[in-house]
């Protein structure tokens with residue numbers, strides 16, 4: 001399906017652009033560094049590559065993995081679990097950076113959306129695991145929960161994309177204020193194209209789910 005391919009394409013493109021930005025224009029990525037900015041760069045990398053990209057791939061797994069439904073459910077659950085674990089690393093990097101630099105924690109709209117999305121994603125995973133995997137609810141209960149589970153997953157993906165977009169703009173604002181980054185410099189364009197790729201990844205993941213459900 002074209003929309004599946006486009007979702008994968010924009011997800012991979014966003015990862016490439018993000019790596020170019022962090023490794024070429026910024027200080028690099030190192031959680032254990034004494035350079036706070038290298039520690040911080042772990043945050044956007046883990047939150048997109050881990051939390052958003054793998055989360056989106058988990059949503060697509062029911063359509064892209066050629067196997068039985070139970071196997072697809074297992075991969076769906078495991079990809080979401082890995083994304084949550086990597087998200088924890090990304091959040092820890094942000095808090096570590098703030099503590100190193102003496103900045104306040106959880107004060108911006110980006111951080112509020114991000115923390116809320118992460119907590120709700122953990123709850124979504126836990127409810128899904130108990131309902132659909134183990135100990136597994138009755139057939140009637142599962143049938144009632146499925147639409148809410150799907151809708152919740154789609155909403156959480158867009159909340160995560162919103163957190164990423166506000167995070168990019170927040171970082172861009174800091175760079176303009178502190179590093180004199182100008183609007184038409186290469187790095188500015190790179191940040192914008194990264195944001196567009198992230199947005200289109202979310203759009204095509206959601207479009208894939210919508211088309212599949214409407215075709216059933």
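Yeah, the Cβs are placed from backbone N, Cα and C, and that goes for glycine too.
Any TrEMBL annotation is an automated prediction that lacks curation.
Predicted, not measured: the structure shown is a model, and the values here were computed from it.
Database features (TrEMBL):
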DOMAIN    6-210  domain 'Cytochrome b561'
TRANSMEM  7-25  transmembrane segment
TRANSMEM  45-62  transmembrane segment
TRANSMEM  74-97  transmembrane segment
TRANSMEM  109-134  transmembrane segment
TRANSMEM  146-169  transmembrane segment
TRANSMEM  189-209  transmembrane segment
Top partner of the transmembrane segment (74-97) among 7-25, 45-62, 109-134, 146-169, 189-209 - counted as Cβ pairs under 8 Å = 45-62
With Cβ distances under 8 Å as the criterion, find the stretch in 7-25, 109-134, 189-209 that has the most pairs with the transmembrane segment (146-169).
-> 109-134
